[in-house]
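The structure under discussion appears below in the form of structure tokens.
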Amino acid sequence: MIQQDPGALYSDHLAVLCRRAEQALARGGFDHLVVPSGTLHYQVFDDRDYPYAVNPQFKAWLPLTRVPNSWIVFTPGKRPAVIFHQPFDYWHVVPDAPSGWWVEHFDIHIIRKPEEALALLPADPSRCAILGEPQSALGNYVPNNPAPVVNYLEWHRGSKTPYEIALMRQAQVLGVRGHRAAEAAFRNGADEFSIHMAYCQAVGQDANELPYGNIVALNEHAAVLHYTELGRKAPQPLRSFLIDAGASAHGYASDITRTYAAQGHDEFAAMIAAVDAAQQQMCAAVRPGFDYKQLHVDAHLSLMGVLKDFGVIKVSPQTALETGVSAAFFPHGIGHLIGLQVHDVAGFAASDEGGRIERPAGHPYLRLTRVLEPGMVVTIEPGLYFIDMLLNEVKDAGHGDAINWERVDFFRPYGGIRIEDEVLCTDGEADNLTRPAFAAANG
């Protein structure tokens, strides 16, 4: 697996961001783009802060994720500037002095107190598009998040630069390292909490550094789509293991899911293999010009074919889709955009001017409705689950005869299956970012 050096790609990435910012400012009628990194938030009636989360608009420009009270200023025709907050503080570790592949491209101003930024920001706040959260306000510099600017920038974030793709490949490698450690822990009989800790140790990131909370689900827990409880006692017997977990690389996320059967549970292992084969066909369908909504509908038909083959449903895949039976077994979307955010922005945008492309009727949880374009990175994450609440709704709707309930009873103790890769849409064939990382890790 060939890894590109993101440092060598950064200058071109920055040039793209500058062009986008210039166009966005023109759309909104502003002279300056001002992006605060964000501030620490404190728990109510307490002096403890929540884990800091950097403004995604900030980390699009810089590979910095732990620099609160800093700012980026872009003015067309000038070098971008960074106002870098490096306080005098003996209570906490302060950010290291600016270094790395990005520093030569910016005018850098070090400040020791947040209010020192006021003298370095553009003179007239009314001429600034300030992108951030309300808590980032400093004096008269209050985030206004003008829609023409935000819509333009978020739409074009859907197309990743080579620099971004290089970092996303790094995040795949880290995530796969954790997935391998987690599977090994499962095979050794570990509980969910211990599996989670093995994952974090292998990745080298704690829960606050990971892009989202790990889903580590044994047996029936896999039927809870976002199960994050991390049980301290392994169930007996161990039947199945679903893990949905990623990693971060300089602010870019990976989002990977795998499902495993315990030794001796051959029929469930066969169903996992069938879902995996179907998922690979879905990944291959990621092509420019293909409507992601159609990919989602096609996924329903493919997954219902798996259930038909395993005797779980009695009707055709098309009938299962039309009657809502398929939604009981596959109740989420096929995936989403990913990049700086796990659920990256503008998944429903009609254009860089805004607007919204609605989800297809009957599919309320799909997170992406756009037509695929080169440079987009999407997740492909089909799943099959045995969720009593949803299956009871099928009965209540009068479609219980479509399901073989004995087969449901057989598979219910396994919870469910989900397989998830990240796929880059290119000018030609789909580029799966996840599978090569697993292949390299497996030697």
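Easy rule for this one: first residue shown is 1, then count along the chain.
Note that Cβ sites are derived from N, Cα and C of the backbone, with glycine treated the same way.
As written in Swiss-Prot, here are the features:
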- Asp244, Asp255, Glu420: Mn(2+) 2 binding site (BINDING)
- Asp255, His336, Glu381, Glu420: Mn(2+) 1 binding site (BINDING)
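In sequence order, Asp255, Thr257, Gln279, His332, Ile334, Gly335, Arg418, Ile419, Glu420, Asp421 make up the list of same-chain residues 6 or more apart from Glu381 (Mn(2+) 1 binding site) whose Cβ falls under 8 Å from its Cβ. Between the binding-site residues Asp255, Glu420, Asp255 has the most other Cβ atoms inside 10 Å of its own Cβ, all protein chains included.
Secondary structure at His336 (Mn(2+) 1 binding site), as computed by DSSP, is coil. In sequence order, Ile215, Ala245, Gly246, Ile256, Thr257, Thr379, Glu381, Arg418 are the residues of the same chain, not among Asp244, Asp255, Glu420, whose CB sits within 8 A of the CB centroid for the Mn(2+) 2 site. The two recorded residues, His336 (Mn(2+) 1 binding site) and Asp244 (Mn(2+) 2 binding site), have Cα atoms 14 Å apart.
Each of Asp244, Ile256, Thr257, Gly335, Ile338, Thr379, Ile380, Asp421, Glu422 belongs to the same chain as Asp255, His336, Glu381, Glu420, is absent from that list, and has a C-beta within 8 angstroms of the C-beta centroid marking the Mn(2+) 1 site. Under a cutoff of 8 A between CB atoms, and with a sequence separation of 6+ in the same chain, the neighbours of Asp244 (Mn(2+) 2 binding site) are Asn214, Ile215, Asp255, Ile256, Thr257, Arg418, Glu420.
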